[in-house]
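Engineer: Right, I'll just put the structure down here and ask away after.
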Amino acid sequence: LRTTAEELRQTVLQQKDQILTDQRTIRELSGKLTECEKGLGLERMMVRDSPDSAPDGVHLLTVGTVDELEQAITQLKDRIDRLEQYLHSSNGGAPSVPVKVNMKFQKWVEDLEEELERKVELLEKERKALRLEAAKHRQEIDQGISKLQHRISGLEEGVTMLSFPEGFRLSFPARTNYMFALMRHAVPKLRAFTVCLWLRPAAAGVGTPLSYAVAEQPNELVLLQDRSAPAELLINDKVAKLPLNFSRGSWQHVCVSWTQKGGAWQAYQGGKLRGEGHGLAPGHHIRPGGELVLGQEQDSLGGGFDSTQAFVGELSQVGLWDRVLSSAQVASLARCSRVTQGAVVLWSESKVQVYGGATKDPGEPCSKHSKSSQ
């Protein structure tokens, strides 16, 4: 009996030491819970003072503390459960004083666990609120950027639509694969056409003053001159050599007409017929919906430029008609008169956009002439 009593006494002493250890653990948990509360306050302060901080980053410290508390409480519960079972079996099922104390600690732990669950729930609500606030903040930023883009577009449009009382011309100062102008006109289906323009070349080999491309054919309508080669008119990638002679540094008026009937074409320079022919893409029609580019030859719709085919110099008064103009009408255009009948593309400042360093400059070859209409 003495031996048994001594064993029981030693067991009780051991359990007393264990309970003291558990008390220290509880104090540590209480300290960590206080840190959790401070972390929550810090998190709110961070959100209030730093609206640009990411919600997930704000929660890293607090959520880590919560996870640590949950793990510690789970381990403590397991240890106390094992202790209670051992004491219960050692005392023949009769609860002892240490077991009652243990039950008190158990209740304390359960209270802490409930408090921790409330903290976790609060943190989840805070996280959700932060995410909603961040989403709202991003939406406000996107709206601000959109308004800024609209404002910039309006300013650019205002620059594009500057008034040139004396007319305007396009300048292409260098031979590049990115400098061009785009005529914002809807080109319809054409069974015949006349295209006219003023040009002042600045280099040997005019390059490509004008090209019209559609999705099916980049060389739907092209006027170009390679270096040391005659000028050419391309219709649906079919070629006619044009007897035109361009000189550098001076303004020259050029008109080229074509009809699908027999593929007949005429070439004018300075208001005078320089050559004509037939058999150029007979029966074809110019397809609608393409891109009309000045200064570059298109190898794809609106792009695929080659610097060796670029135009260098100045262009003005580019126009397109849906018919073959008469010799008298072409001559009047060369004298700076207007022909509006049948025009599908007229020289308009608001319809011409420049890119890549090409510029709109005031003045054009007909600015000093009086203009009549025909």
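Just so you know, glycine gets a Cβ as well, placed from its N, Cα and C.
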Engineer: Determine, on the basis of TrEMBL, the cysteine among C255, C336 paired with C196 in a disulphide.
Structural biologist: C255
Engineer: Which residue, out of the disulfide-bonded residues C196, C255, shows the minimum number of other Cβ atoms inside 10 Å of its Cβ in this structure?
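Structural biologist: Sparsest of the disulfide-bonded residues C196, C255 by Cβ contacts within 10 Å: C196.
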